[in-house]
2 protein chains.
Amino acid sequence: MRIKCIVSYDGSQFYGYQVQPGQRTVQGEIEEALSEVHKGKFVRITASGRTDAGVHAMGQVFHFDTDLQIPAAKWPVILNQKIGRDIAILSAEEASEGFHARFDVKTKEYRYIIDKSTVALPFRRHYAVHYPYHLNVEAMREAAAHLEGEHDFTSFSSAKTEVIDRVRTIDFIKVEEIEHELIFRVRGNGFLYNMVRIIAGTLLEVGTGKYKPGEVMKMLEAKDRGAAGKTAPAHGLYLWEVNYQ
Amino acid sequence: MRIKCIVSYDGSQFYGYQVQPGQRTVQGEIEEALSEVHKGKFVRITASGRTDAGVHAMGQVFHFDTDLQIPAAKWPVILNQKIGRDIAILSAEEASEGFHARFDVKTKEYRYIIDKSTVALPFRRHYAVHYPYHLNVEAMREAAAHLEGEHDFTSFSSAKTEVIDRVRTIDFIKVEEIEHELIFRVRGNGFLYNMVRIIAGTLLEVGTGKYKPGEVMKMLEAKDRGAAGKTAPAHGLYLWEVNYQ
């Protein structure tokens, strides 16, 4: 039986999502709990994708296969008792045998949170990136609009990216203000390595006036990582939602 | 010279605001930093009031006296370098010699944050209280309105309260919904021990239907801690703002 789970985590105390020898990772912690339930038989989980150290998730998705006759809805209760309080299985359901948490992704939404306070707020220090400079939000929205749609995002991906096809479609980039925070919401059909963090970093530099909104079009055309803005820090990033239809 | 500071802190790793021998406290950490700046001479700080272990502050206020000829605006930079990243001095200004951070308070605003998600969100576990039950927000608002104004809040204060006069005025109690969170905003001219946490706990029990909105009037009349609802946990509470005019 294939089980599909939605999991939320606080990335602060993890060495990222993916299993790394000798490090605490989200995947490692869940696989350990699952293997315990399966009486020591190792159970692999497959997620929609990795997240880096410090990156949080509201709704990461993974699947695993089990022979145990446990109703799907019981899995969150069973697993949440065994894993740290900084991971929470939000829900579980039986998926078709052919379902694949990575290959079947249709769209993902990421959010990136900025703390605009003059001095970094202590209770947001692991959950939002402190950026106390004056930001022209309208300019940022204009730049964001240029990034929406289908583009080659080579300039907005890590120079280490090995993927050949770097054309992706962004459904929307919204820039929302809630009190002292600014939130970027980015939904698209696929994301290259560091893509959201480079988009966030570039939008911030548009906000401060370093780049004009229209310049992001030239950045896209350049197809060169050096053409776009900085990579914003990991701890402002949240994998918010993964959609399969 | 008397300096007035606004300070924010993440209460998670503190044994409360007030100095306690052998424990890490907000007051202790700031006084230690100040004494270091004053070359070992102990400097006492006086806050608008205490906060319990786990309680956060967005805008706590304290004052201290100094002989050092340091421009007031420099104090945040100097102190923030010496204290943990879970405390941040947001601003400092010279106050009149007669200013007193506790006695001169006109009003305070507290906020109380509820995480309504079915499963507690990991990145909110120290910053919002998880309450997954269905809540009737309209009933909560109706109950909140009954608590506004001038009342004897004996029923809404810890049984350990030694204060004789328990009449306080609440300017407003707002119940706001933002995505998966519910925020109570409570402003008043003074608060008894545990008062906001008992108001929050009672409103939650009105939300679940345990009490009818009108019953809070009877709770007030009873002048008995046993008449009101439960004391909600510390980690959902924020001292948000202290006003002196």
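If you go along the chain as it appears here, the first residue is 1 and each next one adds 1.
Any Cβ shown, glycine's included, is placed from N, Cα and C.
TrEMBL lists A:6-104, A:143-245 with the feature domain 'Pseudouridine synthase I TruA alpha/beta'. Among the features that TrEMBL reports, active site, nucleophile is placed at A:ASP52. Taken from TrEMBL, the feature substrate binding site covers A:TYR110.
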Among A:ASP52, A:TYR110, which are recorded positions, the residue with the most C-beta atoms within 10 angstroms of its C-beta: A:TYR110
Assigned conformation of A:TYR110 (substrate binding site) - DSSP reduced to three states: strand
For the domain 'Pseudouridine synthase I TruA alpha/beta' (A:6-104), residues assigned helix / strand / coil by DSSP: 26 helix, 25 strand, 48 coil
A:ASP52 (active site, nucleophile) and A:TYR110 (substrate binding site), distance between Cα atoms, whole Å: 13
